[in-house]
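Some notes on the structure that comes next.
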Amino acid sequence: MPSAQSGSQVNQNVASVSQPIHLSTIGAGAWGTALAHVAQRSGHQVRLWSRRSAKTLPEVIEGANVILSAVSMKGVRSVVEQLQGLSIPKEVIFVTATKGLDPLTQKTPSQIWQDAFPDHPVVVLSGPNLSKEIMQDLPAATVVASRNVEAAETVQVLFSCDTFRVYVNTDPLGTELGGTLKNVMAIASGVCDGLKLGTNAKAALLTRALPEMIRVGTHLGADPETFFGLSGLGDLLATCDSPLSRNYQVGYGLSQDRTLEDILEHLEGTAEGVNTTNVLIKLAKQEDIAVPISNQVYRLINGKITPQQAVQALMERDLKAEFDDLDL
Ligand SMILES: NC(=O)C1=CN([C@@H]2O[C@H](COP(=O)(O)OP(=O)(O)OC[C@H]3O[C@@H](n4cnc5c(N)ncnc54)[C@H](O)[C@@H]3O)[C@@H](O)[C@H]2O)C=CC1
Ligand SMILES: O=C(CO)COP(=O)(O)O
């Protein structure tokens, strides 16, 4: 992976962006609100838009240098289409913070944004970032990734503050897939904890989850190295070990014999892992990618097996070498 810059170069960049950046945030859910809070803390001008806003979308994006989308996956296409109808200068950077896969095309959010705005820089923001902790100003780190390094560095400056440390990466797809695929693993992790399977089981699950994510990612063109960073392993650890995670809560609820419908009805916000699992399994079947853990999550959320049967199915798989199918 081409490396990001040295510390001294990054500092020069921070110094060169002396003017406040104008950020328009689309989506005022938990994550959009938390990122707006961080950018404000970092001294930039922030406007927030949601479907219930008094101001219109054109009013909110007027004069923005950066437009951040933090809507859930189901809202991405609609937001993209609304923005396509507006005249947005080419220099405006789009940042996508959604962690999901499109059910129609199996594309990632950044691919949808880049297809719709081919002349604009598109930056992915992803990392171990539970929004409730960010809103409490607890220290956290994230990754901003783009093929356009200058754009990524502008976004790095925009969100960096004393409680939020932002790293640049040049692999947007890997960065995005790390945050997306770990949501499936977070469901499995919630089941593991809910069934009280123990520390050994949890360690085995998370350790086997990472190569599964890498297998999917590299098949789709991502850099394997990215998955060992904050947006891959980092987010896997955060989300799979926190009751704050909605995806973890889904898995935990299923382990307590609650129905998926009941869990989702009472959930605070979006659990992207449910849709992601369904899209991923379709993709894995088409492309013949081995995704054993995700497969059991798929069967579980679609009511084909019980949590106990899912665990048993994973334990009874054919014996194999630890690293026989991973080309790192
Ligand atoms: N909450 C968190 O800790 C984090 C969430 N994320 C990701 O950010 C995304 C959003 O998550 P949350 O803010 O937590 O979810 P949320 O459920 O709190 O908010 C979702 C937002 O999307 C908006 N939305 C949905 N459909 C829309 C449409 N058609 N048009 C316009 N807006 C629409 C909703 O109005 C709402 O503001 C998800 O992909 C999630 O995986 C990423 C990192 C952290
Ligand atoms: O992506 C997240 C943390 O990095 C948030 O996880 P949940 O969507 O499972 O709450």
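Placement of Cβ uses the backbone N, Cα and C atoms for every residue, glycine included.
Per TrEMBL, the NADPH site holds Trp31, Arg51, Arg52, Lys99, Arg246, Glu272; the candidate it also names there, chosen from Ser78, Ser131, Ser146, Ser294, is Ser131.
Summary of the site annotation: TrEMBL records sn-glycerol 3-phosphate binding at Lys99, Gly127, Lys182, Ser245, Arg246, Asn247. Screening the candidates Asp137, Asp235, Asp257 against this entry identifies Asp235 as the one listed for that site. With the fewest other C-beta atoms within 10 Å around its C-beta, Glu272 stands out among the binding-site residues Asp235, Glu272.
Listed in sequence order, Ala209, Met213, Gly232, Asp235, Leu236, Thr239, Cys240 are the same-chain residues six or more apart from Lys182 (sn-glycerol 3-phosphate binding site) with CB atoms under 8 A from its CB. A Cβ distance below 6 Å to any atom of ligand 2 is met, among the binding-site residues Trp31, Arg52, Ser131, Lys182, Ser245, by Ser245. Across the fold, the C-alpha of Arg52 (NADPH binding site) and the C-alpha of Asn247 (sn-glycerol 3-phosphate binding site) stand 26 Å from each other. Set side by side, the binding-site residues Arg51, Arg52, Lys99, Arg246 differ in how many other CB atoms lie within 10 angstroms of their CB, and the most is found at Lys99.
If you measure from the Cα atom of Trp31 (NADPH binding site) to that of Asn247 (sn-glycerol 3-phosphate binding site), you get 15 Å.
DSSP classifies Lys182 (sn-glycerol 3-phosphate binding site) as helix under the three-state reduction.
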